[in-house]
Amino acid sequence: YLLIWGEASNVRFMPECLCYIFHNMANEVHGILFGNVYPVTGDTYEAGASEDEAFLRNVITPIYQVLKKEVRRNKMGKASHSKWRNYDDLNEYFWDKRCFRLKWPMNLKADFFIHSDEILQLPNERHDQTSNGKRKPKTNFVEARTFWNLYRSFDRMWMFLILSLQTMIIVAWSPSGSILAIFSEDVFKNVLTIFITSAFLNLLQATLDVILSFGAWKSLKFSQIMRYITKFLMAAMWAIILPITYSRSVKNPTGLIKFFSSWVDSWLHQSLYNYAIALYVLPNILAAVFFLLPPIRRIMERSNMRIVTFIMWWAQPKLYVGRGMHEEMFALFKYTFFWVMLLLSKLAFSYYVEILPLVGPTKLIWDMRVVNYKWHEFFPNATHNIGVIISIWGPIVLVYFMDTQIWYAIFSTLFGGIYGAFSHLGEIRTLGMLRSRFRFVPSAFCSKLTPLTQGHARRKHLDEEVDEKDIVRFSQMWNKFIYTMRDEDLISDRERDLLLVPSSSGDVSVVQW
């Protein structure tokens with residue numbers, strides 16, 4: 001494999017293609033060694049290539065020519081990504097077992113090698129997928145490049161920030177403006193509308209999943225397609241149920257809320273919305289429990305029970321990396337504590353510095369009557385000076401969505417400094433300090449990396465007298481390490497002699513360096 005990789009030129013950027021080459025060449029080596037015959041022709045494998053540089057000429061060059069032609073179609077980066085294939089697109093051809101239709105030696109008339117501009121397909125001809133015919137510009141599907149991918153890829157982050165912003169505006173808009181106002185009945189009911197917002201954001205996410213992955217459905221399994229469709233239907237269901245049940249819980253409804261409320265007049269009381277919320281957040285609660293208890297999640301991910309398999313099918317995509325490989329509880333606690341402190345600081349700053357000071361002026365501008373504006377009015381027919389309110393809140397909202405990175409830089413600096421201090425990073429800054437403390441290395445080595453002998457207590461302080469037995473054990477390891485470095489030609493003979501630790505002297509202070 002290393003020989004193939006070393007002579008592969010730019011093909012080495014296509015790992016599955018290299019695996020295909022390795023698979024067939026390893027099969028040839030096996031046939032040569034054991035005298036097997038080709039499964040189709042019955043000819044025996046011949047040792048040695050028929051010509052010089054046969055590997056480069058017959059294997060690498062045809063694939064390289066395909067790369068070269070695709071680069072020309074790029075038009076110096078001006079062509080659309082759907083009109084030409086890059087390394088990943090060409091490599092995807094070898095993801096599927098259908099790549100073995102290329103055969104070995106490779107069929108140079110296959111669609112993988114033929115440039116689409118060089119093919120003239122007659123209307124009455126039938127073309128095999130691996131022999132003739134116009135090949136598709138993309139091996140799998142054309143990725144839809146849109147700014148909506150920013151939301152689709154980071155949907156949980158966007159949902160958290162949007163729902164937090166909605167909650168803070170509702171609380172700040174209350175008469176008191178205090179954070180404790182959330183415990184009042186009216187404010188708390190208004191805060192519960194964040195679940196309706198969450199339902200519509202989930203519907204947007206499910207819709208983007210269906211639309212942006214539609215071109216890949218022909219290569220997906222039926223279970224994967226059903227997962228997309230089911231998630232979309234569930235999101236649409238909650239986007240209908242939650243607004244309807246909330247409209248029933250509002251006293252004296254008006255407008256659209258009154259319209260929805262008329263649908264559910266026969267339903268029970270105002271608690272129906274609360275029941276709907278409980279069912280809606282139940283999967284998220286279970287996900288949080290599994291996140292905080294990695295052993296349970298690890299067991300579930302390795303289980304073959306049908307109910308567990310269904311839950312994992314719903315919660316995780318098919319190509320999930322890291323299944324059953326979660327961190328330990330203490331590492332998870334440190335990670336969670338870091339982000340909880342960061343987000344609490346970010347939200348507190350956003351509420352008291354960015355949002356709350358704007359609520360009072362916004363209410364005044366909302367009720368203010370302005371007949372003539374000095375500048376051009378962008379919303380001439382709008383009421384309540386909505387243009388002015390948008391111009392005031394716009395920069396604040398942008399800063400709200402962006403300042404998480406600033407808080408991350410601050411907290412990573414603080415936590416990194418504290419962690420470095422406790423880990424004693426940077427204590428040894430010069431070669432002189434290293435020499436002065438090198439005599440304690442044998443004690444530290446034996447204390448951490450060697451088993452204790454009977455009657456040999458573990459040393460608590462490295463400043464104690466160094467045991468001669470520790471020096472002997474350490475010198476064996478250290479000198480082996482130095483000899484290995486010399487064997488690999490990383491150091492010279494003189495440097496080797498200087499770095500060796502004599503084990504017979506009984507003192508590491510005699511090291512020459």
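For all residues, glycine too, the Cβ spot is worked out from N, Cα and C.
Feature annotation from TrEMBL assigns domain '1,3-beta-glucan synthase component FKS1-like' to 1-107. DSSP assignment over the domain '1,3-beta-glucan synthase component FKS1-like' (1-107) gives 66 helix, 2 strand, 39 coil.
Outside the transmembrane segment (158-182) by six or more residues, the chain places 151, 188, 190-191, 193-194, 197-198, 201-202, 347, 350-351, 355-356, 359, 397, 400-401, 404 with a CB less than 8 A from a CB of the stretch. The transmembrane segment feature in TrEMBL is assigned to 158-182 (among others).
If one looks beyond the transmembrane segment (194-216) by at least 6 residues along the same chain, the residues whose Cβ comes under 8 Å of a Cβ in the stretch are 140-142, 144, 146, 148-149, 151-152, 155, 158-159, 162-163, 166-167, 228-229, 231-232, 234-236, 238-239, 242-243, 246, 277, 280-281. The transmembrane segment annotation in TrEMBL covers 194-216 (among others).
Residues annotated as transmembrane segment in TrEMBL: 228-246 (among others).
The transmembrane segment annotation in TrEMBL covers 272-293 (among others).
Residues 164-165, 168-169, 171-172, 177, 179, 392-393, 396, 399-400, 403-404, 407-408, 411, 415 of the same chain sit 6 or more residues outside the transmembrane segment (337-358) yet have a Cβ under 8 Å from a Cβ within it. Residues or ranges marked as transmembrane segment in TrEMBL: 337-358 (among others).
According to TrEMBL, the feature transmembrane segment maps to 378-400 (among others).
What TrEMBL lists as transmembrane segment is 406-425 (among others).
Here the transmembrane segment (228-246) has Cβ contacts under 8 Å with residues 192-193, 195-196, 199-200, 202-203, 205-207, 209-210, 213, 257, 260, 263-264, 267, 272-273, 275-277, 280, 314 of the same chain, all six or more residues outside its ends.
Looking at the domain '1,3-beta-glucan synthase component FKS1-like' (1-107) alone, the prediction's average pLDDT is 80.
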